[in-house]
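Read through the structure below, which is laid out as structure tokens, and then see the notes.
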């Protein structure tokens, strides 16, 4: 190990951005073995022998060196979700774009600058193996004296000191959904049935949870009037899974339900897993819970009985704080909340239901005060099905969480170029297109990454690829509901690799403007150029045809993925490529040449 560190220090001088900074080295060994997070055993992925993987904590500006060893029987890569990767596109971890897969028995060294500060995560980006457990939390501690927005919460000096302490020492939490089927089995179920299956067995917190099978009567009582109407009288299953109807499958029915594996969609199996306990000390007065939403397909409502949540960071970006009683968390996003520890010391239930638009299911955990006593049942903010349980509660929804960044960050008022993406199903219920022109095949360019082939035919494929120039301001317009036979599109969560973007506008209907400037002039009420949200994951609406606009500046040349972070949608082709800054394509160091793996020669 000492030799490895020495070699890295010697060679870092010629890598962009790796000069005169602390170098931190980590080793992640990925294995495939039996495990039972919710009490039901299956094959799954472990990182350094644990699930989820170990928390990775760095200081802002650290130079990070991570040796990923693949001891699984199949290939993989690791993506560092939300990190900028300025000048290091070869470490973004996307097969076919920035690297070749890490084959069984081989390793790959990722090198990058720890920036920007905030809450992130790392996960697989090969096929759909996120379903198998390859993920972990990542936190970058901000530099000293960074302004924090806590005076918007309280003016008390005691509160402010406690909140600052809490933010510097957060508890990292990972919320995820879990299926008792491997990713291969799940995808085979989609293909064989020709149906879009989005059903899981449990909701986990820090890799712990269970399946509950509460009974048909309770499950049906939790359905909203909207969902009952959408189902047209069809019933949900005893797992809380939704029926195969036009509102869930589009025009691609009937499919072949008999090809769905037993227990994947119905016939609930009761688990015997254990739930997580989060311990807090009331003498600290406040705690920061930095939550990674590592789900593969579910949006989950997070709440702590009888406690308020002050959301102060979203997707790693500080925001003007918002007080909620529950927060709806979308796949791949990160939510940091401050919780005041002023209740009677005891155990309070953390509730983690699906938000009610894809399954009736819930997970649970315990929020436990040090020195607490038995206080009995605590009062919930939300129900098992994610519905409001109290007239006093207030929470965020699927698409209405659009906070202002802190401090204010403004994009340019105009852009240089815009691209329209039409998001919809692609010739089947379980395949998808991001661009509206093609579905992106899984691992299609895996062994010919576009980083090394920026002028190839694939890199000029306009059905999947856009090309920009350095310094341009770019608008990405995400349109849903544009297919005449499927006006009501499923909600999508779109992640942009590398730099964040501003959501500068959104509206209903079909985008039919010649420019964003024209749309903003005609409908100024639909746009925000003063303090728009600044994020790396964006949520489209499911309420009929609608559009939203992501704006960013090209400052980091490379091949970056734009994709839906529902894992089954990504596996079904919902992705595209942004070839940013093609006029200033990066020079690739020898350690990351086409057949290299990031290792330096030992000296």
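Backbone N, Cα and C atoms are what each Cβ position is placed from, and that goes for glycine too.
Residues or ranges marked as signal peptide in Swiss-Prot (evidence: sequence analysis): 1-21.
As annotated by Swiss-Prot, domain 'Plastocyanin-like 1' applies to 30-144. Confidence across the domain 'Plastocyanin-like 1' (30-144), taken as the mean pLDDT and rounded to a whole number, stands at 98.
For residue 75 (N-linked glycosylation site), the same-chain residues 6+ apart in sequence whose C-beta sits under 8 angstroms from its C-beta are 95, 101, 102, 103, 104, 126. Annotation note: residue 75 (N-linked glycosylation site) sits in a coil segment as assigned by DSSP. Taken from Swiss-Prot, the feature N-linked glycosylation site applies to 75 (among others), supported by sequence analysis.
Cβ neighbour count for residue 79 (Cu cation 1 binding site) (all protein chains, 10 Å cutoff from its Cβ): 26. According to Swiss-Prot, the Cu cation 1 binding site annotation covers 79.
Residue 81 (Cu cation 2 binding site) falls within a strand when secondary structure is assigned with DSSP. If you look up Swiss-Prot, you'll see 81, 123 marked as Cu cation 2 binding site, on the strength of similarity to another entry.
A 10 Å cutoff on Cβ-Cβ distances gives residue 125 (Cu cation 3 binding site) a total of 27 other Cβ atoms nearby, all chains included. Secondary structure at residue 125 (Cu cation 3 binding site), as computed by DSSP, is coil. Residues annotated as Cu cation 3 binding site in Swiss-Prot, with similarity to another entry given as evidence: 125.
Of all Cβ atoms in the protein chains displayed, 9 besides its own lie within 10 Å of the Cβ of residue 155 (N-linked glycosylation site). Per Swiss-Prot, the feature N-linked glycosylation site maps to 155 (among others).
Per Swiss-Prot, domain 'Plastocyanin-like 2' is recorded for 173-353, and the stated evidence type is sequence analysis.
Summarising the annotation, Swiss-Prot assigns N-linked glycosylation site to 180 (among others) and lists sequence analysis as the type of evidence. The Cβ neighbour count for residue 180 (N-linked glycosylation site), using a 10 Å radius over every protein chain in view, is 21.
Sequence annotations record features per position, and here Swiss-Prot assigns N-linked glycosylation site to 235 (among others) based on sequence analysis. Secondary structure at residue 235 (N-linked glycosylation site), as computed by DSSP, is coil.
According to Swiss-Prot, the feature N-linked glycosylation site maps to 256 (among others), an assignment based on sequence analysis. All chains included, 10 other C-beta atoms sit within 10 angstroms of the C-beta of residue 256 (N-linked glycosylation site). In the three-state DSSP scheme, residue 256 (N-linked glycosylation site) falls into the coil class.
The 10 Å shell around the Cβ of residue 272 (N-linked glycosylation site) contains 10 further Cβ atoms across the protein chains shown. What Swiss-Prot lists as N-linked glycosylation site is 272 (among others), and the listing cites sequence analysis.
In the three-state DSSP classification, residue 275 (N-linked glycosylation site) falls within coil. For 275 (among others), the entry in Swiss-Prot reads N-linked glycosylation site, with the evidence type sequence analysis.
DSSP assigns residue 388 (N-linked glycosylation site) to a strand segment in the three-state reduction. Residues or ranges marked as N-linked glycosylation site in Swiss-Prot (evidence: sequence analysis): 388 (among others).
Look at residue 394 (N-linked glycosylation site): DSSP puts it in coil. For 394 (among others), the entry in Swiss-Prot reads N-linked glycosylation site, with the evidence type sequence analysis.
Around the Cβ of residue 413 (N-linked glycosylation site), the same chain contributes 529, each under 8 angstroms and 6 or more positions distant in sequence. Per Swiss-Prot, the feature N-linked glycosylation site maps to 413 (among others).
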Q. Within 10 Å of residue 388 (N-linked glycosylation site), Cα to Cα, which of the glycosylation sites 155, 256, 394 are there?
A. 394
**Q.** Entries of 79, 81, 235, 256 which, being recorded positions, have CA atoms within 10 angstroms of residue 495 (Cu cation 4 binding site)
**A.** 81
Q. Based on Cα coordinates, which of the following recorded positions are within 10 Å of residue 123 (Cu cation 2 binding site): 79, 235, 256, 394, 512?
A. 79
Q) Where among the binding-site residues 81, 123, 495 do you find the Cβ with the fewest other Cβ atoms within 10 Å? A) 495
**Q.** For residue 81 (Cu cation 2 binding site), the one of 155, 235, 394, 455, 512 that lies nearest, given that the glycosylation sites are compared by Cα
**A.** 455
Q. Out of 155, 180, 394, which of these glycosylation sites is nearest residue 235 (N-linked glycosylation site) by C-alpha distance?
A. 180
Q) If you count the other Cβ atoms within 10 Å of each Cβ, which of the glycosylation sites 275, 394 comes out on top? A) 275
Q) Which three-state DSSP class does residue 413 (N-linked glycosylation site) fall into? A) coil
Q. Where among the glycosylation sites 455, 512 do you find the Cβ with the fewest other Cβ atoms within 10 Å?
A. 512
